[in-house]
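Following: one structure in structure tokens, then a few remarks.
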Amino acid sequence: MVDVNRFKSMQITLASPSKVRSWSYGEVKKPETINYRTLKPEREGLFDEVIFGPTKDWECACGKYKRIRYKGIVCDRCGVEVTRAKVRRERMGHIELKAPVSHIWYFKGIPSRMGLTLDMSPRALEEVIYFAAYVVIDPKDTPLEPKSLLTEREYREKLQEYGHGSFVAKMGAEAIQDLLKRVDLAAEIAELKEELKSASGQKRIKAVRRLDVLDAFNKSGNKPEWMVLNILPVIPPDLRPMVQLDGGRFAASDLNDLYRRVINRNNRLARLLELNAPGIIVQNEKRMLQEAVDALIDNGRRGRPITGPGSRPLKSLSHMLKGKQGRFRQNLLGKRVDFSGRSVIAVGPTLKMYQCGVPREMAIELFKPFVMREIVAKEYAGNVKAAKRMVERGDERIWDILEEVIKEHPVLLNRAPTLHRLGIQAFEPVLIDGKALRLHPLVCEAYNADFDGDQMAIHVPLSEEAQAEARLLMLAAEHILNPKDGKPVVTPSQDMVLGNYYLTMEDAGREGEGMIFKDKDEAVMAYRNGYAHLHSRVGIAVDSMPNKPWKDNQRLKIMVTTVGKILFNDIMPEDLPYLQEPNNANLTEGTPDKYFLEPGQDIQEVIDGLEINVPFKKKNLGNIIAETFKRFRTTETSAFLDRLKDLGYYHSTLAGLTVGIADIPVIDNKAEIIDAAHHRVEEINKAFRRGLMTDDDRYVAVTTTWREAKEALEKRLIETQNPKNPIVMMMDSGARGNISNFSQLAGMRGLMAAPNGRIMELPILSNFREGLSVLEMFFSTHGARKGMTDTALKTADSGYLTRRLVDVAQDVIIREDDCGTDRGLLIRAITDGKEVTETLEERLQGRYTRKSVKHPETGEVLIGADQLITEDMARKIVDAGVEEVTIRSVFTCATRHGVCRHCYGINLATGDAVEVGEAVGTIAAQSIGEPGTQLTMRTFHTGGVASNTDITQGLPRIQEIFEARNPKGEAVITEVKGNVVEIEEDASTRTKKVYVQGKTGMGEYVVPFTARMKVEVGDEVNRGAALTEGSIQPKRLLEVRDTLSVETYLLAEVQKVYRSQGVEIGDKHVEVMVRQMLRKVRVMDPGDTDLLPGTLMDISDFTDANKDIVISGGIPATSRPVLMGITKASLETNSFLSAASFQETTRVLTDAAIRGKKDHLLGLKENVIIGKIIPAGTGMARYRNIEPQAMNEIEVIDHTEVSAEAVFTAEAE
């Protein structure tokens, strides 16, 4: 067997007849499969053991030779070689066709490769191949045109006219084969190149297409006549199996039926030819053979598909590859794996961040081989077989061994759908009773898991390397940050938030207020014994917490705090300031001075002078976690998170918050507010009846009135709420629910949307506490149902978007340290009108500068060129008043097939500089796809009457951008740089004309009357600027401006959609995707290169082709950039394996075979398909080829504080 990991590349070509014969182990002559009496394969049939190998290991068909010792002997009685039965998956046979047959992929594909090679129309080809017309092959001395078609009648007439043998005309695939053999590739190519110099329009397009195909044949060494088959390969029998079902019936693969038809027809044709049957009968049989082979290769491509029982179309060879159930996606890209299990999940509140609970029964099955090895090593059993019996019997001793085996052996947990890389994480297993897997509550957010019946899969990494990678790279405790935005993904939620909220509440006048304690223990003791309340404000000696970063003037004082906050701060990392107020100043700069008693001051006096602080909410906890991570990195953060979780659960249990109907407050003046609204609506309707407003205006006014009424109720609710009300606490802390839920419980439900999407004028006046009337209930059910269907549709849409994104960017990997480019990207804050979508500070964090940044006023250099911009540095740059900075960007990176570390910046998931080998393309795709489900499905109307276009938003807009479609509501853009000199309105055509005066001439643009203008007379506009509101068509922008402007525009547009929905995504992810859409160019003029005009190629390949020509002083080729949607870009990738496994499998393979394409296995997908280690992360050559060194050869790293991660990477490099 070939060692997959030694592959350099993989090529696909057309198979020549001699190649097919060399694969074959014998000819299949009979359509029989197996003998139904003996169940043995028939001789010379489709399952013949002589051709394909024995059905049982080391045993010939007749049973003369059995056992491995006869390996390699061919039995003299039955002719079967004694070998493994596995060869029945590898050995092929063949069928010698009695008449040539065209291959349907090359004849029927779009464009028809046969048609282009011969310069014949597909329809003409079809007539010839299926025996409806003759084609002139050699006119000899007659005036007939070569390749012209003759009907049966015309053929006879011409024969009589010119005499027999005066010209050659044939029908069927044989004729096509003769024509293909006559094609002189070199001469045709030269002729077409000449033609291209003068041709234009349709003629030129056709010439370019023919040239493309002929050139492909010429370069690849494939012969055009191989598109017609004389010999048909038969795939190995174990790939088209026959299985016996209960009851003696057989289930067989459809391919066997299709092969049987071919063999039957082929044998019948052979017999007819032997008998010298009449031509018409032979022709008919040849046509049927042609159709049988078509059905075998691609059933249903031409005419009606051949059906099996129950009129189900049979699955042909092409169907075996296509689609989700095809070979590529079902078996090569996603396999079922051993050592895996699946179970329902339950919460494990006592687990540590790096642990998960595994039921004993699952663990013993998953770790069976490890346990058996230990049993034999401890000599509890003599051999593996006995050990296996011990495990299956459930011997008492196996449980202790299991405990040993799983120690330090991480397992992987995965929850479907795996939307991003945090959907699979590693944990150390802890054995538990019961049958459910136990999951740490904090990792739920990353998995998007809850405990209402979700299931998860568990996998065991087997090899030492796999275990090391799971522990070092995938351990859940290491994944604190979300790769999409670099914010913590493990923020506490629900009970944990509620517990910490309750713990940090303050209350005036509670028992024990004003007591002073010498240290934490005394305070806790007072609280436990009922002398002080959790919320009462008390004093504590500062010097009892010597490790906190106090200011010098605070160290010897007494500080005012609450018992709860003493407990809360006790779990904080030591070097974090004492948290007294839930704000960033306290977190970053230290505890404010107002909480400290001056010597001799009365504590009650200070307490009375202080305001009551609000408790710590979910957002504040998130900020604390982010700060902890920034200062202390992973290990300390995950330990702190566990303490925070335990404290939260403990105190939410103690608080015992419950919610009942009596906790929903009643708004005293609800009736007044609603009466006033009714009154206002009546006035509006009166005005409408008098003709003072249009129906549209009335509708807007009515809906606005009810909206304002609802807001008034909401406002009243917030004003009158009691902060100790459990519902209010739940909402305010961020544990669950928000103000709109609260206002539906206590205020009014408000306006509802009708099924047509329009808002109904009749609002629902009741709230859930009062209960809804039947009519109100009926109105509100539509919204609920629409919500459910929307979610279902959105999930599918978002999943498909992620798949396309992953496909287009899967080969973008960090390939080198620095590409040395001299280009950069000038960035500023992204704005939408007056609103800031993304600030400059956010965009700068974690990027490298391209040029140094100077203070705009003092001229002082804030940061040099090619330096990493940290969070603090970004703030400093923005505070200095800098508005734009030139940074290194993925857009301008010069690395081939990937990105370099400097152009990418930090890895958001770790907060450190990105490592070489990181698969940033896949991470980018997941980061953009994963929040897709949070985007809305709706396309909004923009405010009533003002505009005549719909503006697409949410998920449809993201798809529109990434597929580079023409947007809905397109903006008119200018092609000249200059000033707007005039905007004239033309009432007759209902349009406006905008005139822009540039240096070279005047630009005149017609825009619809109703369009909102973005420019006024006198404005200065750049090329490609939008004159009206709406989305710019990116392909149009590319014609007017350069690639970088288009990339910048697309980046800003994607960010606008996501930010408007409150989803943050790092710029670099969008940059990676957009760069992939613009990596191809189309050759315009080939110059002195041997490129063909109109060819689509990678920018790097194009530059290479020009390099040699420029050096030798020739004329280089010219090209223009092409913007491709992600689906098209995936299919145009250089790897045919990746493209074929994505979509349009047959088209991709047809094209690749003709070109004799080589797949250099650079991306991830192609390596997964052939089963090779992927060239990313630890699979990169630079990590795999490391030679182990003796310790004395390695330079010792300085013994400053080096974290475990740093040591690991230093060794890896």
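Placed from the backbone N, Cα and C atoms, the Cβ positions cover glycine too.
From a predicted model like this one, the values you see are computed outputs, not experimental measurements.
As given in Swiss-Prot:
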BINDING   CYS60, CYS62, CYS75, CYS78  Zn(2+) 1 binding site
BINDING   ASP450, ASP452, ASP454  Mg(2+) binding site
BINDING   CYS819, CYS893, CYS900, CYS903  Zn(2+) 2 binding site
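Here the features listed in Swiss-Prot are painted onto the structure.
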residue	record	Cβ within 10 Å
CYS60	Zn(2+) 1 binding site	24
CYS62	Zn(2+) 1 binding site	14
CYS75	Zn(2+) 1 binding site	20
CYS78	Zn(2+) 1 binding site	17
ASP450	Mg(2+) binding site	11
ASP452	Mg(2+) binding site	5
ASP454	Mg(2+) binding site	17
CYS893	Zn(2+) 2 binding site	25
CYS900	Zn(2+) 2 binding site	22
CYS903	Zn(2+) 2 binding site	29
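CYS75 (Zn(2+) 1 binding site) falls within neither a helix nor a strand when secondary structure is assigned with DSSP, and so counts as coil. Between the alpha carbons (Cα) of ASP452 (Mg(2+) binding site) and CYS893 (Zn(2+) 2 binding site) lies a span of roughly 47 Å.
Each residue contributes its Cα atom, and for CYS903 (Zn(2+) 2 binding site) and ASP450 (Mg(2+) binding site) those atoms are 38 Å apart. Using a 10 angstroms CA-CA radius around CYS75 (Zn(2+) 1 binding site), none of the binding-site residues in ASP450, ASP454, CYS819, CYS893, CYS900 qualify. All protein chains shown were included, and the count of other CB atoms within 10 Å of the CB of CYS819 (Zn(2+) 2 binding site) stands at 18. Here ASP450 (Mg(2+) binding site) is positioned 39 angstrom away from CYS900 (Zn(2+) 2 binding site), judged by their C-alpha atoms. On a Cα basis, ASP450 (Mg(2+) binding site) lies 44 Å away from CYS819 (Zn(2+) 2 binding site). For CYS60 (Zn(2+) 1 binding site), the nearest neighbour among the listed binding-site residues (ASP450, ASP454, CYS893), judged by C-alpha distance, is ASP454. Taken residue by residue with DSSP, ASP450 (Mg(2+) binding site) is part of neither helix nor strand, so it is coil. Each residue contributes its Cα atom, and for ASP450 (Mg(2+) binding site) and CYS893 (Zn(2+) 2 binding site) these two points are 42 Å apart. Annotated Zn(2+) 1 site CYS60, CYS62, CYS75, CYS78; additional same-chain residues within 8 Å of its Cβ mean position, judged by their own Cβ, are ALA61, GLY63, LYS64, TYR65, ASP76, ARG77, GLY79, VAL80. Within 8 Å of the centroid of the Cβ atoms of CYS819, CYS893, CYS900, CYS903, where the record puts Zn(2+) 2, the same chain has further Cβ atoms from GLU816, ASP818, THR821, ARG888, VAL890, THR892, ALA894, THR895, VAL899, ARG901, HIS902, TYR904. Those same-chain residues not listed among ASP450, ASP452, ASP454 yet with C-beta within 8 angstroms of the centroid of the Mg(2+) site C-beta atoms are ILE345, ALA449, PHE451, GLY453. For the recorded site, CYS903 (Zn(2+) 2 binding site), the DSSP three-state label reads helix. Rounded to a whole number, the C-alpha distance linking CYS893 (Zn(2+) 2 binding site) with ASP454 (Mg(2+) binding site) is 43 angstrom. Cα separation, CYS62 (Zn(2+) 1 binding site) to ASP454 (Mg(2+) binding site), rounded: 54 Å. Geometry remark: ASP454 (Mg(2+) binding site) versus CYS78 (Zn(2+) 1 binding site), CA distance 57 Å.
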